[in-house]
Amino acid sequence: MSRLDHATAWEALKSHYTEVRDLHMRDLFAADPERFRRFSLSVGDLMLDYSKNRITEETRNLLVTLAEERGVPEMRAAMFSGAPINSTEHRAVLHVALRNRAGRVIEVDGEDVTPLVNAELAKVRAFAEKVRDGSWTGATGKPVRDVVNIGIGGSDLGPAMVTQALKPYGKSGLKVHFVSNVDASHLVETLKGLDPETTLFLVASKTFTTQETLTNATTARQWLTAALGEAAVANHFAAMSTNAEAVGAFGIDTANMFRFWDWVGGRYSLWSAIGLPIAIAIGPDNFDALLAGAEDMDRHFHEAPLAENMPVILALLGVWYTNFFGSGAHAVLPYDQYLARLPAYLQQADMESNGKTTCRDGKPALWATGPVLFGEPGTNGQHSFYQLLHQGSHLIPCDFIAPAQSHNPRGDHHAILLANVLAQGEALMRGKTAAEAEAELEAASLPASQVEALVPHKVFPGNRPSNTLIMPRLTPRTLGMLIALYEHKIFVQGVIWGINSFDQWGVELGKQLAKRILPALKDDASPAAGHDASTAGLIAAVKALRAGK
Ligand SMILES: O=P(O)(O)OC[C@H]1O[C@](O)(CO)[C@@H](O)[C@@H]1O
């Protein structure tokens, strides 16, 4: 693949940028009453308004040309067909096969994976049903009341986010908890008040070698066996993994193991057996609806022309701001308390996928790649970092996400929430001119000297871009669509930037060094030698504090 900055469309976009960068969106809206219609699109129940972006039709055309030139349609076809597009790990990338409810044949190394997926999904459904109806019992014959998922990264964030998002679909008397951090406080606080007789642990790890997960699972097993004995493990532990050998070695009966495959990336795995806690929490039929929503988005992404393709449009807008406006951050702002963990989930999905500067061909990326992603739910962010969004020195594109109906209609709450989300997009776009600020201050009868002093502080530049995603209601189906939308957006950006979005070598170095530091922390005989002066000094200081010196 040739260099991104050598693409013809890149050059065209560079010169187009110089024409567009000073246009104000206020003027673009004033000049075109059709702008909303022109720059919005729907997929099923999900509507995207992207008219509040610093673009013209020419911008969209050029960005679409860039996507074509960078081979987005070809890579998309390769992904859906099961080609090994995760080049550094020689793996297919087939989270789409996990929600292939249409039953398309998808082959990996000559084998159709669809029957494998369906068989495992049937096992997940059956197990979830048993836990929910009480026919799966603990060692003393009692039904499960608490499920504790132990996993981290992709084996935690997706299921935790979805389980929280779909809490209204939960079952009373059955709670699903998530433990991820190796800090024992996470496990200890979660287990407080739980009864070993009615607790089921799900150990979720693709590799089953992850230090945090195995440490937490070992301590959880001690907690269980201290109360119920070693023989209880079979009724109280199940695992989701690709590594049957390691699951068996850990002492979990592989009959209680739900498997997935190396062509499912960890951060794309919530649709696989890793979704078992979701299926238990919301029921297999709702889990199926989640898959159906994702499949709706897959179909749209696979088939819609690039210029009318929601994930492609979101990806191209991100490229526009990252690579031409020099924006290094992106805010995801769900106006729904149930989506509180969506930004955290997307941090892994996006930043572990596209936080890279080496291209597929091993050469450095000489252009910016994935942005810093952050966000907070609802109006909380407005009373925190929105100040910077409105008046700070950084241009930070925002995605607002808002279900039109609440699961908890109470008085004016939801109307207020919706008024706020719509107001934020409008405020970011319009801003407030000096003349408007002055008129406001004068109307408040302030003395002229104060008006003059305050006006510069009250000005909002506006012209700050945002997308707004709305849906009737947050349901398993709309959530499935939303997550798949972001997955495909990330994919398209990776293709354009020329990077492999499906490996994560950048997480390895810290893991290696932690393994070297651990003995030095635990054992006086292990010297801190071989570390830089700062790390060696910190090791010594931490050791002294641990010893109470
Ligand atoms: O599921 P596993 O193998 O325990 O890995 C957990 C997480 O660790 C990572 O490899 C990063 O450290 C993620 O990509 C993954 O989701």
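Each position is counted from 1, following the chain as shown.
Any Cβ shown, glycine's included, is placed from N, Cα and C.
Where the annotation comes from TrEMBL, it is an automatic prediction and has not been curated.
Annotated in TrEMBL:
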- Glu352: active site, proton donor (ACT_SITE)
- His383: active site (ACT_SITE)
- Lys511: active site (ACT_SITE)
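Between the C-alpha atoms of Lys511 (active site) and Glu352 (active site, proton donor), the distance comes to 15 Å. Residue pair His383 (active site) / Glu352 (active site, proton donor) shows a Cα separation of 29 Å. Around the Cβ of His383 (active site), 9 further Cβ atoms fall within 10 Å across all displayed protein chains. Ranking the active-site residues Glu352, Lys511 by C-beta neighbours within 10 Å puts Glu352 at the top.
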